[in-house]
Amino acid sequence: MFMGSIVALITPMDLKGTVDRISLKKLVDHHVVSGTSAIVSVGTTGEMSGLTHEEHVDVVMRTLEFSDGRLPVIAGTGANSTAEAVALTNKFNDSDIAACLSVTPYYNRPNQEGLFQHFKAISESTDLPQILYNVPIRTGCDMLPITVSRLAKIKNIVGIKEATGNLNRVNQLKQLVHEDFILLSGDDLSALDFMKLGGVGVISVTANIAAKEMAELCKLANENDFSTAQHINQRLMPVHQALFIDSNPIPVKWACKELGLISHYVLRLPMTVLSEVHRDVLKQALIDSGLFYNQSNYK
């Protein structure tokens, strides 16, 4: 279930800045038919920090409703307060959510023991599978492999989204965790190399606009056909890079609108829209990758 191309889904909004449920359903349907393995709802790319708690829960539950059992839905439930993360996680205890994705606490920068106790407390509050999420560039703290190995011994902590982009981490984690512990990349640029070293998939920003391509890339990688997967990856490389020309999800939401996947290009402050210069760069990347001329994928 937790392998292959897992999309870090954007949260579409209408011109009033409220969640656009029509576009959200369209996105879910698109991923169902495109080979995406699962959906992460309201993670970093889904603007978790820009939604109220009520909206956060509603978007996850709407995504689950629109999926209707066709794709597993993983709920983003991280917070920098342990009590808040526990409360948010427990909102989904009686739902059909497949798992929770829980980011390391941001801003307060806990030490390694604090990280261990944080995730231990969350896992003890629920029976839902927990996927750890390490993204130091966003949070200001780095969960080290030795801490992950301690957490991997907890029954319902089943894997990690490792988004440092440091491929040495894969080798370190492989040596320290049990063989069933799921290793997912959180960095599209290095995802294929991550999978070559033992990862089983990626929680992908690129999959928002290249769902079929990312699904095929991951399928080939999991079949050890890295040569063919590399051809796809090379074609997508301009997009992997351009989607981070500004803070995520500013570029990817613009690309989704350009490709007709959503109705409006709207973000919430403090996120602002992509500059004209960066739009030109991203548009060229879409053209170079062939995505701009293959819009039949997005009907």
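Glycine residues also receive a Cβ, built from the backbone N, Cα and C atoms like all the rest.
Quick look at what Swiss-Prot annotates:
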- THR44: site 'Part of a proton relay during catalysis' (SITE)
- THR45, ILE203: pyruvate binding site (BINDING)
- TYR107: site 'Part of a proton relay during catalysis' (SITE)
- TYR133: active site, proton donor/acceptor (ACT_SITE)
- LYS161: active site, schiff-base intermediate with substrate (ACT_SITE)
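Its Cβ taken as reference, the residue listed as 'active site, proton donor/acceptor' is surrounded by 27 other Cβ atoms within 10 Å in the chains shown.
Across the structure, the residue listed as 'active site, proton donor/acceptor' and TYR107 (site 'Part of a proton relay during catalysis') place their CA atoms 15 angstrom apart.
Once Cβ contacts within 10 Å are tallied over all protein chains shown, the recorded positions THR44, THR45, TYR107, LYS161 are led by LYS161.
Closest in space to ILE203 (pyruvate binding site), of the recorded positions given as THR44, TYR107, LYS161, is LYS161, taking the CA atom of each residue. When the alpha carbons of TYR107 (site 'Part of a proton relay during catalysis') and THR45 (pyruvate binding site) are compared, the span between them is 18 angstrom.
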